């Protein structure tokens, strides 16, 4: 999984760089076109774009991870989703589904405080780590760490004979 994650991140990084170069030339043309057209006032989309562009690359990267964690947290609160959540979003070595929960349980939190604390810490160091690794490699590290820690959890549960499900990485 880790090899695939980092291989995909390298391809993503190349495509992102290629896209940035193309965007640079398109923006230069768009700036010229904007000068020719009158500007709208109070445009909500521009305000959102302005806020989004004020974030660091790390904060923009982590925003997606936080959104995924919040979405999964909300799914845990729906009684009709409980069976699916226990099957695919908890790590349990005695489950029929072993591989997908290794990745999906990384996004599972049952306690709001636990999720908020984890996301706060992730947000705090995101700018520095993403500037060091790049957003693609950071996501590969994040997902790989989740899968590896779940695997270690499987091994520990098998060694101790405790087969109860657990949340998180």
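Going from the start of the chain as shown, residues are counted 1 onward.
Keep in mind that glycine also has a Cβ here, set from the backbone N, Cα and C atoms.
Source: prediction; values computed, not measured.
The transmembrane segment annotation in TrEMBL covers 61-78 (among others). With a cut-off of 8 Å between Cβ atoms, the residues of this chain six or more beyond the transmembrane segment (61-78) that come close are 55, 85, 89, 104, 107-110, 112, 115, 118-119, 122-123, 126, 130, 135, 138-139, 142.
Residues annotated as transmembrane segment in TrEMBL: 98-117 (among others).
Computed over the domain 'Peptidase S54 rhomboid' (102-169), the whole-number mean pLDDT of the model equals 87. For 102-169, the entry in TrEMBL reads domain 'Peptidase S54 rhomboid'.
Residues or ranges marked as transmembrane segment by TrEMBL: 137-156 (among others).
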